[in-house]
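Comments concern the structure below.
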């Protein structure tokens, strides 16, 4: 008879032996483990179980770098630039163009606080508290939901946060998982750079407004003087217009000037001109007739060229040389 379980045992022998031997009882289920679906774990036990699970292997160099920082600590973080494009796109195209500078500073500060508490919780024993953000919080509504149509909430979703509704209350919850820490670090890095730029822009705007106020305060006296001068000019123009209006009304009240008919005869400018000697007689209204001026002989009693003394004057030896002698007259007669 062949040995049981030996190499020469035939199939028929093995089948008969299996029928002869009793069936071994099924293995008893292990005691309920923390991972059993029929048992509800406390938050502390769930966190301990999550820590005991092996970390997922990183799928990229950036995620491996982030995982090493999580294990060893450190502040140096060097992600790939292409991994930051999505975060920059949300802020540059959706949030910053639609928010004021002061609102941008407040919203980016809130996002930076949320991500900082997530990655480095102030109280590690209550780290789960910083992974839950209630959207009904007035601060969250004012800084994340109201500005720019809630684009800040989209940025947190890009960082690994998910929208959940529990007990009729909407909230953002961060569950973690593969690559979620890396995404949160990328979002924090982008927010830090944008927050610095937003603060600088806000400071520039405040300084510009202050300089405008100072300039307006310096120009106020000049504006007052200009307004006073304008008011004086306006009053003077009004008074002048009033005087002119009164003059026009007074002229309109006067009777119309009678029309004097003009002469239809020849123009006095076309009459024959008088001789030059009669000009003073024509222009003298008292001169009735033509009165020529007296001659030289009438004024001085002699005739020019005759050599005769004036009438009633005695001619003596010491009278002097006469202008024309008698001999000269006789010579002239002989020559003729």
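Note: Cβ is positioned from N, Cα and C throughout, glycine not excepted.
Copied over from TrEMBL:
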- 1-78: region 'Disordered' (REGION)
- 9-26: compositional bias 'Low complexity' (COMPBIAS)
- 35-54: compositional bias 'Low complexity' (COMPBIAS)
- 60-78: compositional bias 'Basic and acidic residues' (COMPBIAS)
- 103-178: domain 'PUB' (DOMAIN)
- 197-225: region 'Disordered' (REGION)
- 256-336: region 'Disordered' (REGION)
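With DSSP classes pooled into helix, strand and coil, the tally for the region 'Disordered' (197-225) is 29 helix, 0 strand, 0 coil. DSSP assignment over the domain 'PUB' (103-178) gives 45 helix, 15 strand, 16 coil.
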